[in-house]
Every structure is written in structure tokens, then in C-alpha cells.
Amino acid sequence: MQAITLLGSTGSIGTQTLDLVAQYPERFQVVGLTSYSNVALLAEQVRRFRPQMVAIGREELLPELRSLLTGIRPLPELVAGTEGLCQVAAHPAAQRVVTGIVGCAGLLPTLAAIRAGKDIALANKETLVAGGPVVLPLVREYGVNLIPVDSEHSAIFQCLQGVPAGSLRRILLTASGGAFRDWPAEKLDQVTLADALKHPNWVMGRKITIDSATLMNKGLEVIEAHWLFGLDYDHIDILIHPQSIVHSLIELADTSVLAQLGWPDMHLPILYGLSWPERLATPWDPLDLVKLGSLTFKAPDHRKYPCMELAYAAGRRGGTLPAVLNAANEAAVALFLQERIRFLDIPRLLERVCERHQVIADPSLEDILQADAWARRETAQLAQQAPAQVLA
């Protein structure tokens, strides 16, 4: 029986993780849950999974959560705010922490879990994108295991099992191409919010669906792969793979290529993140390659995906610039989801913010957090200015 804490239990990764806990009750026990603001769903999860500690990110919602849990015995310890999230992440009973919080908000709780000696099933790419310079040294210091849950990084992690150190030459991250893979670049100025939220293959949260449409999701994954697997950016490539069956590939020193294949369903990489180093039998339909018939790949169209280029540039520059890019992207996507900016304004805003940032080459945690906050403010201010001056 493995005791887990789930950060971001009411989001897409969180709810799918709990599906698996319910499917394998003899293997997994939930000891901690957190949500930023979805009090009603969090209360339902508490009633079903009976954790020992629960955190709500928005402190003002704690009384409502307490009220919804009236009659629960034993009542879990209830905490709130960033400090509460970190308390749950470091809960003494947990062996593995699943980080399903969206965005840079997952950084501090993940660091708390590492300092408490917990293995991390990492579903929050922003933790490494923004915090790689501080997270990886801490992982090594505390000797914890970092198991990637993103489907692409899980695929690479799986392909590397048993591969001798030093044999990895190149990583090939696959991308569906998002909602606009079949649109000409000239038509992207007509994109609506509804258009951008129509992902062709995956069922995901709203923010990551927009990131898939801009290919920023893949750009952030390039930076994450750099930190996880130690390759420089010249050896991490992106392939458009419309079927989303090959989740990523690795090329070895002798030119052999290994790949991990599966249906586009996050339950599989989440389950591997929970069970590693074991593999659990599942009742799911096996992959039918004969039925699929063919798999296709092509290079990404750089004109359509400027966010991808911004991510490569930020990763190569390093320091605080990836944190700035990530924070600006979170802020810009939030504005787009509120229909306050246009789709093509997202990369324009990101480029302006990155140009204005004074990069700190070897940042501390405080430097990263300050850069994150600055980028969010700068993005909001630029978006309020006249589009002709700022976003054209």
C-alpha cells in the first residue's frame, strides 16, 4: 500500500489520479488533498477518500469547506493558503506526492515535498520550467525520485529504463499540433476562444488546451526535458504527430530510436507515476496498430508557432528568463480565456515581456519568485495599453 498526497485534486490530473486510486484500492491510499478554490468537489473527494489533511488555496474559503464537511468523522486537519499547501505536501504519512497544481503555484509545495523526502510524481511542468535551477539541486541533495507524469516525459523516462548512462543522444518530443494544426498561419488572426478550446485528441484543462494550440505547451516541455534528462537544447526536437499515439522518442548513440506508444489517455502515465518502478495490469483496451494503419510525423511550422521559438530562446538564455516566460504565458492565457486579448496577442505579449526583463543568470528561489511576480504585472500592464502600440 502506497500512501500518496495529491496536490491539485480537483483539476484534470487530480480527478484522473483519484479515478486510479479508486480502481486500485489495495495499492494506493490518499493521505492528503489540496485544491485552490473548488470547495464543493474537494468536499466530495474528502468524503470519498478520507484523507488525513486537506488544504484549500484560497484562505477565505476555509469556513465554507469546514461547513461542507460537517458530520465527517474523523474530520481531517484543515489548512489553507500557500503555507497549508506546503503542509499537505510535506505530510509525514505520505510516501509519494502527485503534483497536479497548474502553473507556477506548484513550485513552493513541490519544494516542501522534496525537503520532506517525498518521491515526486511530477505533473506540473512549470515547477521545472521556472524553478529548475533550484529544484534539481534539491532533488539530488535529498535523494528523492522525480517521476515525470506528463505523457511525453513519462514516455522518455520509460524509454530510458535500462539504457546505459551517456547513451542518450537526442530527445524527440511529439505534439498533436493542437486545435490549429490544419489551419493556415494566415487564418490565425480569426481564432475565437471556442476554436482554441477544441483539442483534436486529448481531454485537458482549459489553460493547457490553449498552450497546446499555441504550442507553448511543447516549448515548456522542451525546457522541462532539459532539466529532467540533462540534454542541451540543440538535442531536444519537436515532431508534429497528429495521431498522438507515439508519446515521445529517444535516439541513442548508435542511432537506435526507442519510442513509447499508447492511446492518448492520461490515465496511463499517471498510473506509471503512481506505481513506478512497478507496472500494474490494467483492464484497458490494448493498442491496435493494425486498426490504426499508419502513423505520421512532420516538422512544426515555425510561422504558426512563435511561442515554441520563444521557449527555446528562453531555455537557452536560462537564469530567470524561463520563469518570466512561463509567468507571462500564464497571465496572457488567462486574459485570452477572459476574451480580453486575441489569440495572436499571446506570443506578442510574451515577446515584449521577455525583451524587457533583466535576466539573473544564477537565480535563487527568491529571484525566481520575484521574476515571476514582475512578469505577471508587466503582462497585465502591457495588455492594458493600446494594441497598436504594444501588440501590433
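Using N, Cα and C of the backbone, Cβ positions are placed for all residues, glycine too.
What Swiss-Prot records for the Mn(2+) site is Asp150, Glu152, and among Glu83, Glu126, Glu186, Glu221 the residue it adds there is Glu221. Of the residues Gly178, Gly205, Gly219, Gly230, Swiss-Prot places Gly205 in the same NADPH site as Thr10, Gly11, Ser12, Ile13, Asn38, Asn124, Glu126.
The binding-site residues near Lys125 (1-deoxy-D-xylulose 5-phosphate binding site), taking a 10 angstroms Cα-Cα threshold over the set Ser12, Ile13, Asp150, are Asp150. Local packing around the Cβ, expressed as the count of other Cβ atoms within 10 angstroms, is greatest for Asn124 among the binding-site residues Ser12, Asn38, Asn124.
For the binding-site residues Glu126, Asp150, Glu152, Glu221, counting C-beta atoms within 10 A of each C-beta gives the highest total at Glu221. For the binding-site residues Gly11, Lys125, Gly205, Asn217, the largest tally of other C-beta atoms within 10 A is found at Lys125. A sphere of 10 angstroms centred on the C-beta of Thr10 (NADPH binding site) encloses 22 other C-beta atoms. When the Cα of Ile13 (NADPH binding site) is compared against those of the binding-site residues Asp150, Glu152, Glu221, the shortest separation belongs to Asp150.
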